[in-house]
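Asker: Have a look at the structure that comes next, please.
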Amino acid sequence: MNTRKSEKSVIFTFSAYTLVTIASLICLIPFLLILSGSLTSNESIIRDGYRLFPKEFSSAAYKAIFAAPSPIVRAYGVTTFVTIVGTAIGLFLMTMAGYVLQRKDFRYRNRCMFFIYFTTLFSGGLVPWYIMMTSYLNLTDTYTALIFPGLMSPFLIILMRSFIRTTIPDEIVESAKIDGANDFRIYYQVVVPLAMPGIATVGLFLALGYWNGWFHSSLFINDPHKYELQYYLYNIINTMSFLADLGASTGVTVAVDIPMESTKLAMALIVTGPILLLYPFVQRFFVKGLTVGAVKG
Amino acid sequence: MLVPTLLFFLINSYIPMVGIYFAFTRFDFNGGLFGSQFIGLENFSFLWKSGKLVELTLNTIGYNLAFIFFKNILAILFAVLLSEIHGKWFKKITQSVLFLPYFVSFVLLSAISYNMFNYETGFVNTMLKSFDIAPVNFYNTPWIWIFLLIAFYLWKQIGYSMVIYLASITGISDEYYEAARIDGATILQRIRYITIPMLMPAFFLLLLFSIGSIMKGQFDLFYQLIGNNGLLFSTTDIIDTYVFRSLKETFDIGMATAAGLYQSLFGFILILTVNYLIKKSNEDYALF
């Protein structure tokens, strides 16, 4: 696109740079606020309020958390487990579905697609689903309840299907078939390797959904040992009792020794950390996959 | 190879549809699905009479229309701006930064909101105080949240739509621009007559997807930012949050199912209508 450079475009370019810069700052400032808040001493927060830069620097919040890291480590464990297992199973099922659904020689293709797509048009609603999960499938307090609901979505299946359709020419599948490969063999030796960028994208969507999930924990999990990371954070932010627990296990009194305000924010950062660290690597895949998969819906 | 997927949707989506029956009963935990007393449309008429249904519907649709409208306009704006910016590093970094909020959880969003807007120590009030302006108690001022919720939504979602639009712009053949340049088109004319029309298919696709969820708008956002703060419900309660609270706190199973069914039906009709209208004006853009 470097070839088109206009002469009268100086004003345009200037305003483009300005607007984009402002928007980027707006995107970044909340992160800075959280970081700054987590590093400010509690008294200073209560006295002076949150600021963009700490007025009285203190790492007390992080010390308090790492003095008794076991709850957060456990929540990390649950989330990691759920994310890995859920993403792996979901990807496996959706690549297979995507492969079958884009095959032109599959007669019930449109009917199956409609069966899947219809669920986005109409649903029984939250309550019947909740009752089925708890009283008929007995999934309360199980990891299945955290993994199962997020495995697939019509949107991701459509994304996967169009990705496979656009990147894998029919001829390759055809020639593999002539060479005597059966459908499963074509699937894992031809389709999966060629669809890797699409799989990475859908996988990232899935993983992000699991990693940021709190809703299923809040519906189905009563046992704090099985809380997901985000739900754990949610409880920290919303209830003091969690901080009291934290205090009790370190042997300190809450009001005095646990810096409430800054601990909330420190916890928020610790929970978000992995995403912020992985983000630069992950983002590229995301953009690439979306480019191919979503442009031609 | 398709069977597990079909099973998944059968269990996760189709079987619960049977439970719609709860909407017509006075739910009884001991009775189960068919043991509860059948009361016909009483749940619906109660919802209607309490005025809840109207308020919830207006909130749900209003917010989602605002979300869709502003998100698409801003996403297209920034995609076009970024595509015209030539500084490679600047472009790369800003694109990443704009996309970043999409990756954070709604729970973190509620931490951010608390940090910025709580009465005693919030960033905004700290700023106001330093300019000698009286602090605002955001958490009991309902009307402010109309703007805050929209702002938070845009903050989180624009980057994602922007990337999709940016991808479509990259897909536009350079030859069009080349030809326009030879004909002496200015940068704004090129945007107006090439970029924008070429973005329309992506726009309609995104639009249809968002229309589909117009009745199930953004539960995470509302629940995490507002939670159970009853003072704000008049402007911030949507069907999803109402159903969730009825399920988790007041155990109003019949009522909650009725509200959920109303939401599904209304959304269903909405999508069919919009799809029909789009199909009438341009066959290619319709979803089915």
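Backbone N, Cα and C atoms are what each Cβ position is placed from, and that goes for glycine too.
Remember, TrEMBL labels are computer predictions, not curated facts.
Okay, these came from TrEMBL:
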type	residues	note
DOMAIN	A:76-271	domain 'ABC transmembrane type-1'
TRANSMEM	A:12-35	transmembrane segment
TRANSMEM	A:75-101	transmembrane segment
TRANSMEM	A:113-131	transmembrane segment
TRANSMEM	A:143-164	transmembrane segment
TRANSMEM	A:185-211	transmembrane segment
TRANSMEM	A:231-258	transmembrane segment
TRANSMEM	A:265-282	transmembrane segment
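Help me picture where these features are in the structure shown.
Answerer: When Cβ-Cβ distances below 8 Å are used as the criterion, the transmembrane segment (A:12-35) is approached by residues 6, 50, 52, 265, 268-269, 276 of the same chain, each at least six residues removed from its ends.
Listed as Cβ neighbours of the transmembrane segment (A:75-101) (distance under 8 Å, sequence separation of 6 or more from its ends, same chain) are residues 109, 112-113, 116, 143, 146-147, 150-152, 156-157, 160-161, 163-164, 187, 191-192, 195, 199, 202-203, 206-207, 210-211, 213, 226-232.
Among residues of the same chain six or more beyond the transmembrane segment (A:113-131), those with a C-beta under 8 A of the stretch's C-beta atoms are 97, 101, 154-155, 157-158, 219.
Beyond its flanks by at least six residues, the transmembrane segment (A:185-211) meets 79, 82-83, 86-87, 90-91, 94-96, 98-99, 147, 150, 156, 159-160, 163-164, 167-168, 172-173, 176-177, 229-230, 274-275, 282, 285-286, 288-290, 292-293 of its own chain at Cβ-Cβ distances under 8 Å.
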Asker: What residues in the same chain, six or more past the boundaries of the transmembrane segment (A:143-164), come closer than 8 Å to it by Cβ-Cβ distance?
Answerer: 78, 81-82, 85-86, 89-90, 93-95, 97-99, 101-102, 116-117, 119-120, 133, 191, 195, 197-199, 201-202, 205-206, 209-210, 213, 216-217, 219-221, 226, 228, 289, 292-294, 296-297
